[in-house]
Amino acid sequence: MLDFSLFVWYHRLCNYTKYLFRIIRFWTIKRKELSFMEALKYPPILEEFLNYFSTVKARSPNTIKAYAYDLILFFRFLKKRRGKVSDDIPFDEIDISDVDIDLIESVDLNDLYAYLSFVTNERSNTPPARARKVASLRSFYNYLYRKAKVISKNPTQELESPKLSVRHPIYLTLEESKKLLNSIDGPFKERDYAIITLFLNCGLRVSELVNINLDDIKEDKLTVIGKGNKQRTIYLNEACIKAISDYLKVRPKEGVKDKKALFLSKRLKRISVKTVQYLVKKHLKHANLEGKKYSAHKLRHTAATLMYRYGNVDIRTLQKLLGHSNVSTTQIYTHVDDSQLREAVNKNPLSQE
């Protein structure tokens, strides 16, 4: 008779193997894309645009890479559409170094919609991916028209972005948040408790948390560097101050490799994003909360939702606290849940009739 535990072990091994192969395949493709982009010769106008957004606009490296990828794809499509390359050249090998202002200015609205149709049908782009490409095109043509002043018309002014479905953020309820905090245990209890407390109270990004230095905290003020290297001040409440204070009492002082870092790994280095993501998942599992796709970033959603619902925080204040450049990003936290809908109906003056 087959041992059931052996069957379970074999089933898990198969799942882990499939997951591992997916990761390897993803990073193999991504590495090829990045290495090819680095070796590619950009047209001068694209380099000028990327330099402007990198230095003057202080966009993050990931944003600059996204702009470059989207515009390289667009230039290749444009050359193919204009018949400027032979049919035997693979699409991803089309040279774009000769793209000039005349070609760029010749683009009209029909070309732009043809491009979006191409990335939908040939590249299987989802609505969010197409929306990003629209944003990249708008930024590029706005730069050429308003800043560089090298084109006489902007074809993206009438370009519509794909309609995106509204997704409510995944977040922990107040009771689940308390359950998570109360379940934290282990050899790094104080550190992990401080980390999760900051997530739940301040709505930090993971990248912001791992980069906190000791001197970034002055009494009840925490200074963080967010997206686009933008600095913002977050005021710490009593729970955060106490959690940090308790952690600092046990924070290692000898053999520390990064003395500036607030949060340290077991190897006495600055804690990594991967470690933070792991420890959050570990404590979620310990609190029996792992089945709802919660993660470290979902704790940021939780903080925003709880502040909006229980703290009477207006949307503009929440935008500043979270470090959003656009208030439309913050508006996803103005959702209501079933209990609020039920409460609204029960407040109807006719509900007792």
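Placement of Cβ uses the backbone N, Cα and C atoms for every residue, glycine included.
Taken from Swiss-Prot, the feature domain 'Core-binding (CB)' applies to 40-145. Swiss-Prot lists 167-346 with the feature domain 'Tyr recombinase', giving sequence analysis as the kind of evidence. Annotation comment: Swiss-Prot describes Arg205, Lys227, His297, Arg300, His324 as active site. The active site, O-(3'-phospho-DNA)-tyrosine intermediate feature in Swiss-Prot is assigned to Tyr333.
Close to His324 (active site), meaning Cα to Cα within 10 A, are none of the active-site residues out of Arg205, His297, Arg300, Tyr333. For the active-site residues Arg205, Lys227, His297, Arg300, His324, counting C-beta atoms within 10 A of each C-beta gives the highest total at Arg300. The average pLDDT computed over the domain 'Tyr recombinase' (167-346) stands at 88. Nearest by CA distance to Tyr333 (active site, O-(3'-phospho-DNA)-tyrosine intermediate), out of the active-site residues Arg205, His297, Arg300, is Arg300.
Other Cβ atoms within 10 Å of the Cβ of Tyr333 (active site, O-(3'-phospho-DNA)-tyrosine intermediate), summed over all protein chains shown, number 24. Counting only the Cα atoms, the space from Arg300 (active site) to Arg205 (active site) is about 7 angstrom.
On a Cα basis, His297 (active site) lies 7 Å away from Arg205 (active site). Look at His324 (active site): DSSP puts it in coil.
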